[in-house]
Amino acid sequence: MDVLGFICAVFLGTVVLHAKPTVRKDRVLYQDPELLRQATNEDNNSFQYDHEVFLGKEESKTFDQLSPEESKDRLSKIVDRIDGDGNSYITTDELKAWIKRVQKRYVYENVVKVWADYDLNKDNKISWEEYKQATYGYYLSNPEEFDETTDQFSFKKMLPRDERRFKRADLDGDSAANREEFTSFLHPEEFEHMKDIVVLETLEDIDKNSDGHVDEDEYIADMFAHEDRGPEPEWVKTEREQFSDFRDLNKDGKMDLDEIRHWIMPQDYDHAQAEARHLVYESDKDKDQMLTKEEILDNWNMFVGSQATNYGEDLTRNHDEL
């Protein structure tokens, strides 16, 4: 039984299940916005890039529902919130602080949305047993219905992996997660004590021969399925060069855990700072290194499509919610 069949069985009433294993496909946690922007602009597709990177594919639909007038009006109110000192100028630091606040709010609001799906006994904690039942209960009761050879992310493999992550998040060791611990379980990339787990899971996802390393072919296979056996696209050739020049730091032909960490969590890189600088650079008409509300509204399309508007959600919230 594949994952689709499993989901169908759930909705037919066999079991009520709202949860899913903690699978992540996006590897690099702190992408350089400028490098992504350059790659997209080469395809003359920068508007789509703004929507998908800053809004997300699904969240971009929210932006489409707003008229330019509505967007500008609501963005104007957001600018007032960003202007922490009330001097009518938005600095890079203020934008950076806002972007980080928005990201943090997104993480915690996501936990609020799913909390009831896991806290089965309503004691305001989620035990490992509760999480396991909510996520893997059907599989554990009906293992014969699952084809472990074809499921991309087999439940048999994901269960012990989730348990390992849960134990790392459970700082007080009581086998139950409070809200902060459960947040670190669902969003380990946001917590320093969980980042080793993120690196290890990345290795396990890509290391198909289980030798404890990621070689060049495994690195490429994670992003490109060479099904037609034809020539590789240019971007794949570029990624091979990236692997050789920047991923494989010790030049032994493969990546170890430290090199994987350097790849997905580059040191001394602040994504919020980079994004804030980009927004200022693109909107600062008088080049005084600060933005006025007028400058922001004149370039409102960029801010709608940026993390400064919480992937579009802030533009559909009431001002009092912000």
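For all residues, glycine too, the Cβ spot is worked out from N, Cα and C.
Taken from Swiss-Prot, the feature signal peptide applies to 1-19, supported by sequence analysis.
If you look up Swiss-Prot, you'll see 70-105 marked as domain 'EF-hand 1', on the strength of sequence analysis.
Confidence annotation: the domain 'EF-hand 2' (106-141) carries a mean pLDDT of 94 in the model. Sequence annotations record features per position, and here Swiss-Prot assigns domain 'EF-hand 2' to 106-141.
Under the three-state DSSP scheme, Asn121 (Ca(2+) 2 binding site) falls in the coil class. When other Cβ atoms within 10 Å of the Cβ of Asn121 (Ca(2+) 2 binding site) are tallied across all protein chains shown, the result is 10. The Ca(2+) 2 binding site annotation in Swiss-Prot covers Asp119, Asn121, Asp123, Lys125, Glu130.
Taken from Swiss-Prot, the feature domain 'EF-hand 3' covers 157-192, and the record attributes it to sequence analysis.
The annotation Ca(2+) 3 binding site is assigned in Swiss-Prot to Asp170, Asp172, Asp174, Glu181. DSSP classifies Glu181 (Ca(2+) 3 binding site) as helix under the three-state reduction.
Asp207 (Ca(2+) 4 binding site) counts 18 other C-beta atoms within 10 Å of its own C-beta, drawing on all protein chains shown. Annotation comment: Swiss-Prot describes Asp207, Asn209, Asp211, His213, Glu218 as Ca(2+) 4 binding site, evidence class sequence analysis.
What Swiss-Prot records for Asp248, Asn250, Asp252, Lys254, Glu259 is Ca(2+) 5 binding site, and it gives sequence analysis as the kind of evidence. In the shown protein chains, 10 other C-beta atoms lie within 10 A of the C-beta of Asn250 (Ca(2+) 5 binding site).
Sequence annotations record features per position, and here Swiss-Prot assigns motif 'Prevents secretion from ER' to 319-322 based on sequence analysis.
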What DSSP gives for Lys254 (Ca(2+) 5 binding site), in three states, is strand
What remains of the binding-site residues Asn121, Asp123, Asp174, Glu181, Asn250, Lys254 once a 10 Å Cα-Cα cut-off to His213 (Ca(2+) 4 binding site) is applied is Lys254
Same chain, |i - j| six or more, Cβ under 8 Å of Asp252 (Ca(2+) 5 binding site); the result in sequence order is none
Around the recorded Ca(2+) 2 site (Asp119, Asn121, Asp123, Lys125, Glu130), other residues with Cβ within 8 Å of the Cβ centre, ordered by sequence, are Tyr118, Leu120, Lys122, Asn124, Ile126, Ser127, Ala176
